[in-house]
Amino acid sequence: MATTTVAESERDGSGEQKKWKKGGYKTLPFIMANEICDKFATAGFNSNLITYLTQQLNMSLVDASNTLANFGGTTSLTVVLGAFAADSFIGRFWSIVAGSLFYQIGMLGLVMSAVVPALRPPPCDPPSSTNCPRPSAGQLAVLYVSMLCTCLGTGGIRPSVVAFGADQFDQLQDAEAWANRKRRYFNVYFFTMGSATLLALTLVVYIQENVGWGWGFGIPAISMFVSIVIFVVAYPLYVRAKPGGSAFTRVAQVLVAAVRKRSVAVPEDTGMLYQDKELDAPISTKGRLLHTDNIKCLDRAAIVKPGDISESGQPNLWRLATVHRVEELKAIVRMLPIWSAGIILATAGSHNGSFTIMQARTMERHITRTVEIPPATLSIFTTGTTLVSIICYDRVFVPLARRVTGLPSGVTYFQRMGIGLTIAVFGVASAALVETRRRHTAVEHGLLDSPKAIVPMSVFWLIPQYAIHGIADAFASVGQMEFLYDQAPESMRSTAVALFWLCGSFGSYLSTVLVTVVQRATRGHGDWLQDNINRGRIDNYYWLITFIMVVNLGHYLLCFHYYTLKPLDLADEPASDLDKECELPSPQKNGNGDGEGMA
């Protein structure tokens, strides 16, 4: 994708022309203000949705949990479509605008559902009843269409906003300065998202629980509208990357060319494979990828055969690919095993928005005699811990680790991910222990058949699992984003961002599969997951997730051991110390985990 920094002209008082450049720090207040309002809206909308589905729409716990997981997965899946559209047709700016408008429409639909009585089933009578009228097909249709619009909206926003912010600094030539800003940009991005989420989990959830769902959904809808206005107002200031052809199209071309030549032997001399610096120039401004010896079957796409190149010298890209384009696909394929380790982390985190909230609703939530904490607000302990951890990571952890490792970043992103995945195991284990205690307390007080009764146990017992999950996110999620951005080919970094969110998609879908399988497998044999959580065994389910996460950690360590860093033939420019540290003159194993562009 070619990025053009546009220089605009204006006249000063003397009548002479002076030029100013687009992009830079002056655009970040608008981008970050948009991101704060957008995240405030999405977090306020999603954080307590399990309560709306079960308390207002009278859905069962399993149905509500699966609905959220399915739409959460669909949301992340649409990110792939958004990345394709942004790279191929409309560009990142318009992708963000279109996504925000779709999200706005979806939120207005939910506001209508909350305000208009005909769009909800009648309330339970009596309120403590477990046999409540279920929502009709029409009421569910309004819910699903509204949520689908929010899915499409998120698909337009998520893959573009990170890369769009980075685009504003593409004109920087100093590699070391850009690497430092890139690392800090990711931390600022996650910190900004966390701050907005923290505000939503306190203000919006309180309004939903104590004022009403109309205002509870209405305030996030207003925030989304404000985010659109703030973002569009700064249109003249932005560097807007022009769509330069989709990475997905190039991947398809390499695959088709390789399949067509599946019977052709790969030459031992890799110098015979097709190279075209001029053709690859727009997608390799920082340097071309060097040939690697793994996944050799794809090398067939770069074998020149009669008819592959026209008389004018232009290759038929559906028959012949350059080595650089083949290596783009190889780089993505090599990333997938390590990327997949984040799926289980997303699966574990998805239950903090469903089962844990239902647990909290049965526990003692009073802060004072008259003030009690809403169940969904407990997520502030995840978000708050993440924010504190990100600050401490930069200010405390990195300087201390730097003394031991000698690396400018303290630890590599591989190590950062591994630390996060390890911490997450303890988070789910603590959730299992707390649920065991909560259920035991319910039994002791004769509340086994009173699922809506308050168990005499403080809700703050749930804080450790939320906090541990927040620390794990600060390491694993930020580290994964760094890894994907750094190891992805230069022209496929929107795709890398899409992969990050796609991880959440698969994690949500896996959560749905696990919940469904466990429910069916334990039916009549203890019923682990049921509406009466006092008789259920959610603790056993948490122990199952803990075991899966331990296996996942082993999978990650094995993949890291065999991972090959992407080799890059750097573009001709003065080499900084960072370049010397990160440059890989030839394919090699992971070594200490520092890849090209790794800071």
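Backbone N, Cα and C define each Cβ position, glycine as well.
Where the annotation comes from TrEMBL, it is an automatic prediction and has not been curated.
What TrEMBL says about this protein:
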- 8-18: compositional bias 'Basic and acidic residues' (COMPBIAS)
- 1-20: region 'Disordered' (REGION)
- 578-599: region 'Disordered' (REGION)
- 68-86: transmembrane segment (TRANSMEM)
- 93-116: transmembrane segment (TRANSMEM)
- 136-157: transmembrane segment (TRANSMEM)
- 188-207: transmembrane segment (TRANSMEM)
- 213-238: transmembrane segment (TRANSMEM)
- 373-393: transmembrane segment (TRANSMEM)
- 413-434: transmembrane segment (TRANSMEM)
- 454-478: transmembrane segment (TRANSMEM)
- 498-519: transmembrane segment (TRANSMEM)
- 540-563: transmembrane segment (TRANSMEM)
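Outside the transmembrane segment (454-478), and at least 6 residues removed from its termini, the chain residues within Cβ reach (under 8 Å) are 186-187, 190, 342, 345, 348-349, 352, 356, 359-360, 362-365, 373, 375, 378-379, 381-386, 389-390, 393, 416-417, 419-421, 423-424, 426-428, 430-431, 434, 437-438, 441-442, 445, 447, 534.
Only pairs six or more apart in sequence are counted, and the transmembrane segment (136-157) with the transmembrane segment (68-86) gives three or more Cβ pairs under 8 Å, enough to call it a contact. Panel annotation: around the transmembrane segment (188-207), residues 32, 35-41, 43-44, 47-48, 162, 165, 215-216, 219-220, 374, 376-377, 379-380, 383-384, 386-387, 390-391, 474, 477-478, 481 of the same chain, lying at least six beyond its termini, place a Cβ under 8 Å from a Cβ of the stretch.
Long-range neighbours of the transmembrane segment (68-86) within the same chain, counting only residues 6 or more positions beyond its ends whose Cβ lies under 8 Å from a Cβ of the stretch, are 49-50, 53, 92, 95, 99, 147-148, 150-152, 154-160, 243, 246, 248, 350, 353-354, 494-495, 497-498, 501-509, 511-512, 515.
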